[in-house]
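If you look up TrEMBL, you'll see Gly342, Thr343, Gly344, Lys345, Thr346 marked as ATP binding site. Here TrEMBL flags 331-479 as domain 'AAA+ ATPase'.
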Amino acid sequence: METINGYVDHIVWRNPDNGYTILNLIVDGEELTCVGNFPDIAEGENIEAQGDYTVHPTYGNQFKVASYEQKAPEDEEAIERYLASGAIKGIGVALAARIVRRFKADTFRIMEEEPERLSEIKGISARKAMEIADQVNERKDLREAMLFLQQYGITMNLAVKIYQRYGADVYQMIRENPYRMAEDIEGVGFRTADEIAMRVGIHTDSDFRVCSGILYTLMQASNEGHTYLPEEELSGRAARLLEVTPELIESHFMNLAMDRKIVMQNRGDEVCIASMMFHRMEENSAAMLKALDTQYDISESVVRAQIAQIQKKTGIELEAHQADAVVEAARNGLLIVTGGPGTGKTTTINCIIRYFEEEGLDIFLAAPTGRAAKRMSETTGYEARTIHRMLEVSGGPEGNGGFERNEQNPLETDVIIIDEMSMVDITLMYALLRAIPHGTRLILVGDTNQLPSVGPGCVLKDMIASKAFHTVCLTKVFRQASESDIIVNAHKINHGEEVVLDNKSKDFFFLKRYDADKIINVTLQLIVQKLPNYVHATPFDIQVLTPTRKGNLGVERLNKILQYYINPPEDGKKEYEHAGRIFREGDKVMQIRNDYQLEWEVRSKYGLAIEKGMGVFNGDMGIIEEINRFAEQMTICFDENHKVEYSFKQLDELEHAYAITIHKSQGSEYPAVVIPLMSGPRMLMNRNLIYTAVTRAKNCVTIVGDEQTFYEMVANNHEQKRYTGLADKIAGLNK
Ligand SMILES: Nc1ncnc2c1ncn2[C@@H]1O[C@H](COP(=O)(O)OP(=O)(O)OP(=O)(O)O)[C@@H](O)[C@H]1O
């Protein structure tokens, strides 16, 4: 091992999570590339490093640093170089020279111990002297805090965030209550905080730990869709998490309620406990829905006469419930329209749009996902946007002022129609309602038999269950068996009736296979050979939908296999590996969380941006167009030619999408769907799930697998219970 001394001329690259850094060090006037872990280093600093010289196949000679020490610059030249490097704001080249000329080798001691003396120098006021001293100390404090936090296994990136939040209080916070971080800092969950607490030696029954664990349990429950938990369920879950008794958990409920972190409410003979956030969202949403539900004094016969006119013009005669929906839309501020596939929801929306248009009203159309919005645009012929886009994403967290449109800056229109309402969770509903002023009509359209929203809440069902709002349920199926077995079978599935699997259909097939690898083989043949011609689509458009993420037919395994066959490695096709996944040019990928910061642009054929916007959302699908290793980014092309640059660091937000879960497919429609099916957990394998999968297909559904599993799913009407409070809160307003 060798020792070198030098100063950092330039930091070439740095990984903020682990401090891995490539930098140019000037050693005896010569430039040397050094690589290694540098938790905190700035350009201009002097270091003494131990390590070995190596030769990198591409980059040549390097020094691999095993350990290093920061050295206060010893000679005056080094001190001046450091100060002139811009490391301290307000000191440039000229001032650095003046300072060092005056204080010589004593410069740093003066800055730390007698900073007021800096004002002896021309160009430095007393205030500026103190600002410089603060910065010098801050850097020193930051460095010390970093070292302290790293003892507890905290990454650099997180350590900076923690230090920024708590400053000098960081030591006390970590020693006394690291659980505060789980509430205060994004990116720190209960588990991280608990791990730190364990290292610090905090007891398992500490009050802070129990309270934080309770809030964490409620948050975990919201990931399963619940907005509250019954008291017993909460104490049981939290007790298992913290490995303490349920009694200890229960003894903290009252304190948390007094601190306004949770809300306890009696519902029947049950005590329901919700986090304050979800309680408020539900309570405010209930009140806002009620406020929108005004009645308009419009005569029914006048509306019906208008409908007759519209029917004459369009040549479509509405069925009784459809016409009722138009009448209710005209006479009420809030209306819900539900129905399964092919029951005429779109036809009804179209008539409602025409009616309001003729009244001279402005109409906004929106849906929860990009694909659903696109479909709404196609079927209505009017522009439909995602709800996120309509509310104008502002870059902040969802539900917390994350949209430009809110009560201060509401949507300016007369009528808002939302499609695919079953997918809207309470967070998005709350954000939507905040942006709708009194006097705007709101029409919510959806299919209650679809899977519930991925996010917490059960908004559409709860609104219907409250019986507080006008609801029109469309039941007549307009498409006949000869036209579409997909629709007819979807309704049969929904009613638990027998579906004939004789493959005499034109659009509904069941290929019986009983072995996972055979099922995958058939799936591949369908995507690559059989279906593209049959449904006039590309393999990209044919979507594999599967119930699970894990297992032989889970998303993860299917994606690896499908990628290998559909988009195999090839010379000239660039690849990049991230977290065990190989992303390759030509891959089909999906964004897996809402990202309001990502910018997209539509480019002209000369590559110039002709339209720009922000936000890529959970479920958006695209193709990797280009991987640029030099710039460490890849270009993904999403629907409507929206091109987005992902830096390699953002790849956690992307997954392959050759196969996706049925849950993720909600609100989307594909020309053809292939569903590999083998037995799985009963809780998951229910009627809702197979119904949702089948209704995603426009032209063709093929299920490949075990017919027994299919029959069991159709028979299994057991839905996973969601604990949600919106219905009760709406009902409570009537009392
Ligand atoms: N009153 C009607 N008379 C005759 N045909 C109708 C009527 N209403 C709807 N249809 C036809 O039934 C089919 C399904 O209607 P529509 O697309 O409106 O239903 P939907 O509920 O929106 O279906 P999906 O959920 O599958 O999109 C369409 O072909 C439509 O033209």
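Quick reminder: no glycine exception, Cβ is built from N, Cα and C everywhere.
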Have a look around Thr343 (ATP binding site) and count the other CB atoms within 10 A of its CB, chains all included.
24
ATP site, defined by Gly342, Thr343, Gly344, Lys345, Thr346: further same-chain residues with Cβ within 8 Å of the Cβ centre:
Gly339, Gly340, Pro341, Thr347, Thr348, Leu474, Phe478
Which of the three DSSP-derived classes (helix, strand, coil) applies to Gly342 (ATP binding site)?
coil
Please give me the CB contact count at 10 A for Gly342 (ATP binding site), counting all chains in the structure.
21
In the predicted model, what is the mean pLDDT computed over the domain 'AAA+ ATPase' (331-479)?
91
Packing count at Lys345 (ATP binding site) (other Cβ atoms within 10 Å of its Cβ):
23
If you count other C-beta atoms within 10 angstroms, which of the binding-site residues Gly344, Thr346 is the most crowded?
Gly344
How do the residues of the domain 'AAA+ ATPase' (331-479) split into helix, strand and coil according to DSSP?
49 helix, 32 strand, 68 coil
